[in-house]
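As recorded in TrEMBL:
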- 1-23: region 'Disordered' (REGION)
- 1-19: compositional bias 'Basic residues' (COMPBIAS)
- Arg90, Gly122, Asp145, Asn235: S-adenosyl-L-methionine binding site (BINDING)
- 180-204: region 'Disordered' (REGION)
- 180-190: compositional bias 'Low complexity' (COMPBIAS)
Amino acid sequence: MPSKKRRRKEERPKIHPKNKYSDNPPDFALLASLYPTFKPFVFYTREGRPRIDWTDFNATRELTRVLLLHDHNLHWWIPHGQLCPTVPNRSNYIHWIEDLLSSHIIPRDNTNGGNVRGFDIGTGANCIYPLLGASLLGWSFVASDMTDVAIEWAERNVKNNPNISELIEIRKVKCSQNTLSPEGLSGESSYSEEREGLPSSSLDISASEDKSYYGPAILVEVVRDGETFDFCMCNPPFFESFEEAGLNPKTSCGGTYEEMVCPGGEKAFITRIIEDSVVLKQSFRWYTSMVGRKVNLKFLVSKLREVGVTVVKTTEFVQGKTCRWGLAWSFVPPAKKIVTPHVTEKNILSFMLEGIQRQFGAIHVLQSVESFFLAGGASCKLNASSFVLDITASADHCNALLNNDVKYIDEVASCSNVQEAPSNLCFRILVFQQIPGTLLVKGSLQHRDSALS
């Protein structure tokens, strides 16, 4: 009999390994036995599995309350209609930022005395990110919001946890005349779904036009002169309208107009964060935001390339059947890697590039490398069919490139001078496609007897 071909299932991203719920998801039965206020919201399936009604705001709020108390020793509450976060999902975001800060992609900054300082954009009444960041990792936060209700309850949640209250500052954003308010709607209105319940396909609804954000200040005019932060984070308003916010009836986590809706949706809101980051530049080591629609992620990454950031990182947050994406960028120059003497003795150097978005292949990497060296005045010859780039550079160009001194490069010599000089450094770069998202890069010297080798 002919063997049946097994379909390879694409491995889905998993919950962050550092997440408390990675190997131990919340046990509803246990929580119900320990917390009588949670017990009425728990029911059992025919198979005897404990469940809660995700369309019941009171159930989701009580679950969040007992999880924060049971697993994080945090006392927490929000009034009806405010955005109710899910603890595992929010923990994923915190741990991803922890990974970014501990990586060596960009150099560490000791401006804040070694203490990690974050900025939570639109913290809401729940103030979930500062509470988790402070309790889990000892980070300090400035948490901003614009409504009186959000400020009042965020401050209550901070004060009710005196062990970490000194680590969190709640800062009110002044509303400008351009700030939108819902017509005929109160700030307490609730929705049939918060971002968590939106399908992972992200409801690819085409916007009728590309709208710009014109709400209250986000970072510029909120961050004070001379302030520096290790990161900012944001769970932006995902939707452009009330109707769009209520498309998924399967869950109900509440949410006010200000938390859920803004003209242009998350695309416009995060674009404004990008524009603010261009002004503030290295006031933050990392700028980050959660993204609800993958189609918007592609647009935002392209926008970041346009404004000249030095690093862009993305990730996928998974909780059950729900997917969200994380976007991070920085204007801090990447850390320089020192080439050790034993490495310089090798004729060929190679390394792997992993995690590249699938739409980018070997030729895109080669073109980026070519643009970099051409901008520095070196001579380049690209063979697109064999994915090979030959580069010729003088001593002055090499030194200037290593020192990131592009201005100096332009003054040193023209490309014609590079080609004629007898003591140039000539090397070749090859890029091989391994699997989608992974490339092998090889570099080799062409003339070992060169004075620059």
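Even glycines carry a Cβ here, placed using N, Cα and C.
The maximal spread of the S-adenosyl-L-methionine binding site, taken as the longest Cα to Cα distance among Arg90, Gly122, Asp145, Asn235, is 18 Å. Put plainly, the binding-site residues Gly122, Asn235 were compared by Cβ crowding within 10 Å, and the winner is Asn235. Spatially close to Arg90 (S-adenosyl-L-methionine binding site) yet at least six residues away along the chain are Ile128, Tyr129, Leu132, judged by Cβ distances under 8 angstroms. The C-beta environment of Asp145 (S-adenosyl-L-methionine binding site), restricted to residues of the same chain at least 6 apart in sequence and closer than 8 Å, consists of Gly122, Thr123, Gly124, Ile151, Ala154, Ile170, Lys172, Val173.
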